[in-house]
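**Q** Below you'll find the structure I mean.
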Amino acid sequence: MVQLVGSLRKELHDTLSTCKVLVVGAGGIGCELLKNLVLTGFKNIEVIDLDTIDVSNLNRQFLFQKKHVGKSKAQVAKESVLQFCPTVNITAYHDSIMNPDYNVEFFRNFMLVMNALDNRAARNHVNRMCLAADIPLIESGTAGYLGQVTVIKKGLTECYECQPKPTQKTFPGCTIRNTPSEPIHCIVWAKYLFNQLFGEEDADQEVSPDTADPEAAWNPEDTAARATASENDGDIKRVSTKDWARSTGYDAVKLFHKVEYPDAMYLSALLFKDDIMYLLTMDKLWKTRKAPTPLVWQHPQELSAGSGLKDQQVLGVWGLCQLFQHSVETLRSQLQEMGEGAELVWDKDDPPAMDFVTAAANLRMHIFSMNTKSRFDVKSMAGNIIPAIATTNAVIAGLIVLEGLKILSGELESCRTIFLNKCPNLRKKLLVPCILDPPIANCYVCASKPEVMVKLNVHKTTVLSLQDRILKERFGMVAPDVQIEDGKGTILISSEEGETETNNSKFLADFGIRNGSRLQVDDFLQDYTLLVNVLHTEELERDVEFEVVGEAPDKAPSPQTTPEEVNSVTNGNKDSAQPSTSSKAPAEDDDIMIVDSEEENEGASSSTAAATSGTKRKHSDAETGETSTKRPRTDQSSAAAAPTDDDDDDDIITLD
């Protein structure tokens, strides 16, 4: 006869009392998950989160109260959960999971790891650490009414990176600077402008007209005189946007007009009048588009504000001008208080920064004949937010615990990927389970010998770009070491501080790297080795630095895996990984990743179509809200698959 302790078998109850589990993230899902774990009977829990509590978290993260604003999420979550069960052993870390202190040996202390994250970099990292430590990982995410839970186990299931994730949606510079056609273009422009005026200037975030726009095909020397902003010639040096803004005393009207500066085509400042007039001289841009209309501060067209809550009102042009002026004055005061050389960092939860982007973006929308947006809408797009729903988080947190109980019961084969849908499927189910897929044979993370081919121009790609843009940003490494397979073992990049910094500005070709060269890349923190094959090309599209070739498999791999293959796994061997010497660990948000999303207007008919075809829903990414194709697979024991996602035109992603 089976012995029960509460609702659990005695053996399972005893396991929960002795096992140690790690929760990564103490936000929307993390709060619900910690509460569930304690009430289920888990006695040894460690939780890590780098974030602090913001007032915007309080509507769905119920372990926090107003008095906790500004405090560590992990620490306050621990204190709140202990009120449910004071005898539980909980360790809280106010830190990034990507800190080198949390190496493979740290992960091997746990029987189970549960992710409650909202950014891809941290998810990639935890995925690799669990593979290296050979520890089961439960991955999860929500977006509005949608949610997903899946189990990852080395050698048995797909890892988080088996399916390629779309890169963060970006827009060509000429679209942002010359021809915005969607509100998101204006919002991105306004965020760039904030950095140009108040933050860290970035040459890639230019906001002035792009005279190199290939579509314009004009000669600036012939038409520059036609722009009012450039009527007077003068020997004026090019200066930074911030220096120019300071020289005006951050005068809102001068920033708005920029009428007194004949070098307007070279300055990057608010472009509501002069630079708009300059854009009008690029005749070819407006043959098939409606031309923008310059604004004049003294005579704005009055538009009525909408009714309702303040953040949901759509301001008229004059209201936007006033909001712009007030935000500039406030931000200027903040800079002055911080002292010489200070820089502000844009934050969606900082009212003056949000007001500035709201005003600047909406004024630009009006200039380019778009419908303006409320502050709430701008914040949603600028902060890459899909509004979080507490009930969705609660459902997903419950499913995480249920999958965890299967793993701890030794029933990994019964684990499922579970989708929470917005609308019921044909069988009137909102929760749709799918069997776990086996690993992808050529995954560049969990394959026995991870290998990729990268197409780039060796004469234009610097060592620093290889390190930051390709290895860290694209392939998710924390502190890569790179050795050229040239028979000499040339060290191109070292994670030891200062060892190879002199190489950063040099081009790959300077080290003899050419078409067909091979680079061995090691990240000792992640216990991860990747072989990079270089494919030289001079035919990359404009603004494209590199391409990863052949990373998306067309066919499913063979399910058979030989013992030799299992034993030869490079990533996750039994040797202890040494912590990286890099002191830089990317910041980690805690709310949630989104693994899935579906088209907002899809109804039951979409679910019906998907159910008929037996196609698993496409996975999407929290940074983009976009999808990567999953191969068809039918769950013999479940209803059917979930509907497919949409392409998120507004580049909106999720917090929870």
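Glycine is no exception: its Cβ is also placed from the backbone N, Cα and C atoms.
Remember, TrEMBL labels are computer predictions, not curated facts.
Heads up, here are the entries from TrEMBL:
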type     : residues               : note
DOMAIN   : 8-414                  : domain 'THIF-type NAD/FAD binding fold'
BINDING  : C159, C162, C443, C446 : Zn(2+) binding site
CROSSLNK : K165                   : SUMO1 cross-link
CROSSLNK : K191                   : SUMO cross-link
REGION   : 203-232                : region 'Disordered'
CROSSLNK : K237                   : SUMO1 cross-link
CROSSLNK : K258                   : SUMO cross-link
CROSSLNK : K422                   : SUMO1 cross-link
DOMAIN   : 454-541                : domain 'Ubiquitin/SUMO-activating enzyme ubiquitin-like'
REGION   : 551-656                : region 'Disordered'
COMPBIAS : 588-602                : compositional bias 'Acidic residues'
CROSSLNK : K630                   : SUMO cross-link
COMPBIAS : 644-656                : compositional bias 'Acidic residues'
**Q** Residues near the Zn(2+) site, C159, C162, C443, C446 excluded, by Cβ within 8 Å of the Cβ center?
**A** L131, E158, Y160, E161, P439, I440, Y444, V445, A447
**Q** Counting by DSSP secondary structure, give me helix, strand and coil numbers for the domain 'Ubiquitin/SUMO-activating enzyme ubiquitin-like' (454-541).
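**A** Counting residues by DSSP class gives 19 helix, 28 strand, 41 coil.
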**Q** Looking only at C159, C162, C443, the binding-site residues on record, which one has the least crowded Cβ, with the fewest other Cβ atoms within 10 Å?
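**A** So among C159, C162, C443, the binding-site residues given, the one with the fewest Cβ atoms within 10 Å is C443.
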**Q** When the Cα of C443 (Zn(2+) binding site) is compared with the Cα of each of the recorded sites K165, K191, K422, which one is closest?
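**A** Nearest in space to C443 (Zn(2+) binding site), counting only the recorded sites, is K165.
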**Q** Can you tell me which of the recorded sites K165, K191, K422 is spatially closest to C159 (Zn(2+) binding site)? Compare CA atoms only.
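**A** Answer for the nearest of the recorded sites: K165.
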**Q** What number of additional C-beta atoms lies within 10 angstroms of the C-beta atom of C446 (Zn(2+) binding site)?
**A** 25
**Q** Rounded to an integer, what is the Cα-Cα distance in Å between C446 (Zn(2+) binding site) and K165 (SUMO1 cross-link)?
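**A** Each residue's Cα considered, C446 (Zn(2+) binding site) and K165 (SUMO1 cross-link) end up 15 Å apart.
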**Q** State the mean pLDDT for the domain 'THIF-type NAD/FAD binding fold' (8-414).
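**A** Within the domain 'THIF-type NAD/FAD binding fold' (8-414), the model's average pLDDT equals 82.
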**Q** K191 (SUMO cross-link) to K165 (SUMO1 cross-link): how many Å between their Cα atoms?
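**A** With the alpha carbons as reference points, the distance is 25 Å.
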**Q** Starting from the Cβ of K191 (SUMO cross-link), draw a 10 Å sphere and report how many other Cβ atoms land inside it.
**A** 22
**Q** What Cα-Cα separation, expressed in whole Å, is found between C162 (Zn(2+) binding site) and K422 (SUMO1 cross-link)?
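**A** Per the Cα atoms, C162 (Zn(2+) binding site) and K422 (SUMO1 cross-link) stand 26 Å apart.
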**Q** Between K165 (SUMO1 cross-link) and K422 (SUMO1 cross-link), what is the CA-CA distance rounded to a whole number of Å?
**A** 23
